[in-house]
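**Q** Here's a structure for you.
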Amino acid sequence: MTFKDLRDFIAQLEQRGALKRIQVPISPVLEMTEVCDRTLRAKGPALLFEKPTGFDMPVLGNLFGTPERVALGMGAEDVGALREIGKLLAQLKEPEPPKGLKDAWAKLPMYRKVLSMAPKVLKDAPCQEVVEEGEDVDLGRLPVQTCWPGDVGPLITWGLTVTRGPNKERQNLGIYRQQVIGRNKVIMRWLSHRGGALDYREWCQKHPGQPYPVAVALGADPATILGAVTPVPDTLSEYAFAGLLRGHRTELVKCRGSDLQVPASAEIVLEGVIHPGEMADEGPYGDHTGYYNEVDRFPVFTVERVTRRQKPIYHSTYTGRPPDEPAILGVALNEVFVPILQKQFPEIVDFYLPPEGCSYRMAVVTMKKQYPGHAKRVMLGVWSFLRQFMYTKFVIVTDDDIDARDWNDVIWAITTRMDPKRDTVMIDNTPIDYLDFASPVSGLGSKMGLDATHKWPGETSREWGRAIVKDEAVTRRIDALWSSLGID
């Protein structure tokens, strides 16, 4: 099932009983976080707050609060089907030459479909039904959440930031939080390694002192939102990938004040510029770590124009100690990552990002070990293959007899198959999330790899232990007798 815009997705969720309309007045200041947090932990529905206190614009929360809704937003009926999306991305990222004419013809429809998904640019769009410019711009009219008691102010969380570098044809889509600091100003908190920050840096080098155009789309369709957080190959735009998920081309419209193109069906679009050198202190805010982050300086985005639909819906979320919405998103996207990694490392059996590890800070890999040192090759591959794992601090690698998603299994492997000195890999001075205050330097820290595999000759001089295995005949006999024993 696919959805043409956010409103279509809301309607379909409501038909499935997966969305609840809240007509009791609830404040965007702290109260929505409490309601959404309780609902998410109960695996409850998406929430549409129709009467946010002090505002006449409804707020959509907990949209991706279950892995099933994430899968649905990506055009899949269940989480398991996300593996097929991962296989498609793996093939597009590392295409194999056809084995023959028959194989070439078999692959042709896939590549034809990719080529046919170039975005469609419209002249008029729903996101520009209402235009507010200059002195009419007032971000205070948006029901932006203040999520936690120690937050410094309102925070835009689900903004889809659109940028383009001066040397690139394709645009970059990224989701970066934005602190509202004035009627027409927000702080753009993008980390230095992210696409938007890299585009901005290149602009400043090529056009020193010149304002940098930026657009932020709020309330885009689910395929476009999720396309922005998926490991799309550099040769494929996020808009084209969203078209593949949706089954039809992404519709875009040119911004009123720049050449940037934004989703035509977005609820709200913020257009404006970043003036090089204009910076501000961002934070503190409660974050996905479960702590308030330290204050740091980031560029200021000046909003020159707000375009929107008639009676728009404001899409929002909160971040906190897992489980939160980004953690649930990570659980679902985990299934997309597995085939991509397996394409490069066929020996990988499973890959798991535990949500309690803040979605990306720890990874567990199970593999079919083939030679001494193999586990170390795999852990180094995880850190280097996808940008999404740049900030992963811990990689645990173990054998394929272990369930990567069962901590009982994983801990048993660590404690019985590891020698701390021999089997621990430490790498210093690597990129780390700036929100990770445990690192000694902001944005720079260490990584640890744990080799919890069986050790081969060359890795140990000792005879390796044999795992205890029950006698199958005895197990079958006790199965047959069990009901007569009166134990349960």
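Placement of Cβ uses the backbone N, Cα and C atoms for every residue, glycine included.
Source: prediction; values computed, not measured.
Relevant sequence annotations retrieved from Swiss-Prot are reproduced here:
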type     : residues                                                       : note
BINDING  : Asn172, Glu238                                                 : Mn(2+) binding site
BINDING  : Ile175, Tyr176, Arg177, Arg189, Trp190, Leu191, Arg194, Gly195 : prenylated FMN binding site
ACT_SITE : Asp287                                                         : active site, proton donor
**Q** With an 8 Å cut-off on Cβ distance to the Ile175, Tyr176, Arg177, Arg189, Trp190, Leu191, Arg194, Gly195 Cβ center, who else from the chain surrounds the prenylated FMN site?
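**A** Here the non-site neighbours turn out to be Thr161, Gly174, Met188, Gly196, Ala197.
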**Q** Do me a favour and check the Cα-Cα span between Arg177 (prenylated FMN binding site) and Asp287 (active site, proton donor); whole Å is fine.
**A** 10
**Q** Sort out for me which one of Glu238, Asp287 has the most neighbouring CB atoms within 10 A, since those are the recorded positions we care about.
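**A** It comes out as Glu238.
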**Q** Cα-Cα, whole number of Å: Asn172 (Mn(2+) binding site) versus Arg189 (prenylated FMN binding site)?
**A** 15
**Q** Trp190 (prenylated FMN binding site) to the residue listed as 'active site, proton donor': how many Å between their Cα atoms?
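**A** With the alpha carbons as reference points, the distance is 14 Å.
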**Q** From the Cα of Glu238 (Mn(2+) binding site) across to the Cα of Ile175 (prenylated FMN binding site), what is the distance in angstrom?
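**A** About 12 Å separate the Cα atoms of these two residues.
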**Q** Just report the maximum Cα pair distance in Å for the recorded prenylated FMN binders Ile175, Tyr176, Arg177, Arg189, Trp190, Leu191, Arg194, Gly195, no decimals.
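**A** Taking every pair among Ile175, Tyr176, Arg177, Arg189, Trp190, Leu191, Arg194, Gly195, the longest Cα gap is 14 Å.
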**Q** Three states by DSSP: which one describes Gly195 (prenylated FMN binding site)?
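**A** DSSP call for Gly195 (prenylated FMN binding site): helix.
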**Q** In terms of DSSP three-state secondary structure, what is the assignment for Glu238 (Mn(2+) binding site)?
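**A** For Glu238 (Mn(2+) binding site) - judged by DSSP and reduced to three states - the answer is helix.
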**Q** Count the other Cβ atoms sitting within 10 Å of the Cβ of Gly195 (prenylated FMN binding site), across every protein chain shown.
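**A** There are 20 such Cβ atoms around Gly195 (prenylated FMN binding site).
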